[in-house]
Ligand SMILES: Nc1ncnc2c1ncn2[C@@H]1O[C@H](COP(=O)(O)OP(=O)(O)O)[C@@H](O)[C@H]1O
Ligand code: SF4
Ligand SMILES: [Mg+2]
């Protein structure tokens, strides 16, 4: 599946095609053309290009074009052999620290680091001299010289994997170090390792040709591309193609490896959510710098966000995934609206779509999507839209670690918003950043501003993120599970901070959470989502008592609180959420609903509003639930 | 019935002291809740017990002997918070579970044992051949529990095992914890920052603050009549729990019926 994705990219297609050709020539070249490459034509020595000899002949009158083709096998074989040597050695060196004691491990790691810092070419030449002139010596030299880089890569990748809990679990279970390495660690770094090896093969090919060219590599009568270049060098001014021909072959083959590797790297590193831009932190939505560019159908006065018929469709492997299937709601100025629902119900996708943070190939449709008087659906590239939207729409994500750029200090990242959206100078922007960090109650904001995101705790990062949102004057803050990763006390502080910010700026809040109690406490109104639809909307204070949809009631019941009956099992919602690529007909909740009947399974209940403006989508809204539902486990 | 006992345990990283002289007992068949804010050292305490964190001073004993951290017999097992990181994505559920088993079994015996363990955590035996990607978060967490059980542990350390789960699944996992404890007589150190969750599963609660245990006692006492300021602070920080009393407007209390379920 991934391989298919590789081929779909132009780079992947070109690289893969080229590599296939190169490998075919390597395999069949000597079989097909060896005769023509070795036949000596004494009447045509050192000839230039002609119809008969496309890039000329060598000093024995042998056809150079066919010699280049035949040389493919040796050149590629040697390059692959050298890469393999480098990789095997690199993996051994890189993995050794996982098996040895701490001292030895530290020694190996430092040695590798020193070698990596050493100029590669010098290393190659050094080893080439040590191993002696010739193809075998050169392969060893190039391989050995490449080993440190592989070792370091392997070590880095392994360190990443070692942090994962499954390695810890294996250790706790008494699995031996060696087995952990072989069964858990190596398989999980194989992909990046192979991708890097593929790309490295291109470089190795080049180095190897260089060695042969210098006379340290392949020796006559064998010949690879480097050797051919060396032979062609004497006549370079008369017959440049004799040297350039093999040179071009080197470049093409090198490119083939590189492009293929790169395409695979891109395919493997693909974002978890394809199409959802990995935008940092806070991104703007409506017009501060520029006024509203597009006249939008103004819904109701006093409405900051109006969403009508929002649908988000993600192209899936087999079927499209209907993540959001027609969602309509509005948020008034200064209002706090909560969204609850199980994971996968479409909460995050709705938020991302509203903030226009979703890009191709994910499809976003809506009858209208209006924020602060601006039509967000108006055809526009998201980047310029975001710039125009300025800082009036702020998005705070669950894990701020992924939202901050880990490579930059926190202060400058905030300052960037001020410079980009408000045209502040460098100093003014930084001063404002410090001021904002102060506003979100970070102690010692100057010092903090000069630290990196990883030096912050989770709660501090979340504050900094909100601080980033406060660089301008937000009108709407979208917070997606902003406290889920935090513990109670920090959670409380972050929620209080959001409250204060709203008090100060009058911003509205769209708070996404699976924690019903948080939403109840913070929000005015609650939207309950199930299977990409809003199934109920009601005032937050009524959530615990007046909810009418069976799903809402089940959600509320599932949260243990300080009064939960300890003598009974906790309530659970039977069954599993709907697969959004395969939504059943009728009510999507029917399979899990204690009230479901045939009518429910056949006819989708419409979302109907009552006089008070509360909405519910259920044929049996508010019916008492049967007391003796079947025994179930999720 | 085994007793896991932390005796004056300190853990120091460089000059940074994470745990200060912590003493705590987890008696046989008992669930001890460990609460405290993030960074207070909850996970470090658990990790120290299984050799994943270095104990600077003090000792951790199981029935009076140091917890074995070598060899195949590992009577103390741990379950982690993030079910997406705790299963090797390249191993089937069955392989992951089998790896933790103490003794090498024949093919048939192993299959039967895997099925038995999966049944304990209410998963179908056919799940053994699935890769973790095919499982939901709640199902993964069950597999992680099954893997811990495969080592035939005497004590399980559960580190925030429901924090990454949806409320709808959290309830099922908590019910499972209570079942297992009742049926297998397991002792457990149950770490969570969610007081309502700890209240539901734990017999005793220890409150950890900045690396020190500031309060310990029976759950009902600690959460009902807290002695230490920090415990009171934790309780006050609870989101104004939805008061789910059937309000007087004639509607049925929506939860009562669903609570009958399970
Ligand atoms: N990149 C993706 N590929 C496939 N499915 C996706 C992708 N992103 C989101 N989805 C699906 O869209 C649905 C809604 O997801 P999401 O908005 O994240 O739910 P929530 O925020 O309520 O947990 C889910 O079923 C999810 O599996
Ligand atoms: S429409 Fe029917 S199945 Fe759907 S929630 Fe209402 S009662 Fe249950
Ligand atoms: Mg989400």
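Cβ from N, Cα, C; glycine included.
Bear in mind that TrEMBL entries carry predicted annotations, made automatically and left uncurated.
Look at TrEMBL and you will find A:72-261 tagged as domain 'ABC transmembrane type-1'.
According to TrEMBL, the domain 'ABC transporter' annotation covers A:305-556.
The feature transmembrane segment is assigned by TrEMBL to A:12-33 (among others).
The transmembrane segment annotation in TrEMBL covers A:74-95 (among others).
Long-range contacts of the transmembrane segment (A:107-131) within the same chain: residues 93-94, 96-97, 100, 137-138, 140-142, 144-149, 151-152, 155, 207, 210-211, 216-217, each at least 6 residues beyond the stretch ends and with a Cβ under 8 Å from a Cβ of the stretch. Residues annotated as transmembrane segment in TrEMBL: A:107-131 (among others).
Marked as transmembrane segment by TrEMBL: A:193-216 (among others). Sequence-distant contacts of the transmembrane segment (A:193-216), counting only residues of its own chain at least 6 positions beyond either end whose CB sits under 8 Å from a CB of the stretch, comprise 75-76, 78-80, 82-83, 86-87, 91, 120-121, 124-125, 128-129, 133, 137-139, 141-142, 145-146, 149-150, 153-154, 157, 224-227, 229-230, 233, 246, 250, 253-258, 260-262, 264-265, 268.
Look at TrEMBL and you will find A:236-257 (among others) tagged as transmembrane segment. Sequence-distant neighbours of the transmembrane segment (A:236-257) (same chain, 6+ residues past either end, Cβ-Cβ under 8 Å): 15, 18-19, 21-22, 46-49, 55-56, 58, 64-65, 68, 71-72, 75-76, 79, 198-199, 201-203, 205-206, 209, 225-226, 228-229.
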Within the predicted model, mean pLDDT of the domain 'ABC transporter' (A:305-556): 84
